[in-house]
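Peer 1: The structure that follows is given in the form of structure tokens.
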């Protein structure tokens, strides 16, 4: 059974019509309104079928040292999935909140507000197991989840607990991890530790072993920690509700402290963080390796250089005509994003900035609704929106390739690999799309 559909014309028909609820608004490219047509050749920068992107990185999502976004994709990403309805898996009667993927095992895990996690067979779109029972599982919403390289799953919840689930099993181990809801959990490939962030204003480092064991507590935030990212070399950045961003020095282990404190760098909450990713043929990183990007409730995007402890760029990107907005998602460089800076925000747009041109605005695409999630895959950006649609954008040209009516409510999480995309969100369902 499927649940999606093409919005407007099917891909390949030569037109790029929009959802009728969008009143005919066409995407803008380089500040100009485009005609909405999709004529001419597709950009040659796509990492499809062996084109132009490095084969040096696997496409596993979010596992260990492997990048979250696939640098190479099948040609089908350019024209649409084999079945625009997709394969639907009904997981819950409550909204789903988060996801993670281990493509080497063919698995995607989805966390839900019904307190459970659901592990899917990512090749068939079928539920494999449920991580919740009478003796194991969260007692509140699941807020975050990640995979470890050995297949174990680590989840955090509103109940302040961290659960570690065995590969292939359903009997987890719990850690009374924090004194407030857990907002983020990440695996650190450099140390083999798991890092959690919480509304209790701390980050904690965990060694899993036979049982989860706390290795350190990072204190320094003055407000609930909302965002956190771990670099490949183990450096950690975190952002809180008061607009502060902290870079942590973890080189000394459990005695780690704040290496750089950026106070009040955004007005309102920190809403997105990303480390800049280099790598791949034709890099185009411009020496940005080691830098990171922050986004806030003020709609601003800022690029930071920890080596010089300086703010390289500040751009006011996602603010509407009434002066309101927020940055929802950031993807910073890497071959999957064609080495560009991608952002999506509450003003209903997805934008591309070119680091080779001083982060000049390269394109703006107007979406049919607020964006809730975004992934990059081989030069294509997929943006999930509040109306259940997913928009597929050619990153190099800034053109909308097509859109799918994936879910019946907000698309809050997506996982992508070479030939697949899994979407989930507020309707409690997961949809699997396959691309030839």
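Just so it is clear, glycine is given a Cβ too, placed from its N, Cα and C backbone atoms.
These came from TrEMBL, pasted as-is:
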COMPBIAS  12-26  compositional bias 'Polar residues'
REGION    1-66  region 'Disordered'
REPEAT    135-165  repeat 'WD'
REPEAT    175-208  repeat 'WD'
REPEAT    218-258  repeat 'WD'
REPEAT    292-314  repeat 'WD'
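Quick one: where do these features end up spatially?
Peer 2: Same-chain residues lying 6+ beyond the ends of the repeat 'WD' (135-165) with a Cβ under 8 Å from its Cβ atoms: 62-64, 97-102, 105, 107, 109, 111-113, 115-117, 119, 171-187, 189, 194, 196, 198, 200, 206, 208, 211-212.
The average pLDDT computed over the repeat 'WD' (175-208) stands at 96.
Counting same-chain residues at least six beyond the ends of the repeat 'WD' (218-258), those with a Cβ under 8 angstroms from any Cβ of the stretch are 65, 180, 183-184, 186-191, 195, 197-205, 264-275, 290, 292, 294, 296-297, 304, 306.
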Peer 1: Is it possible to list how many residues within the repeat 'WD' (218-258) are helical, extended or coil according to DSSP?
Peer 2: 3 helix, 20 strand, 18 coil
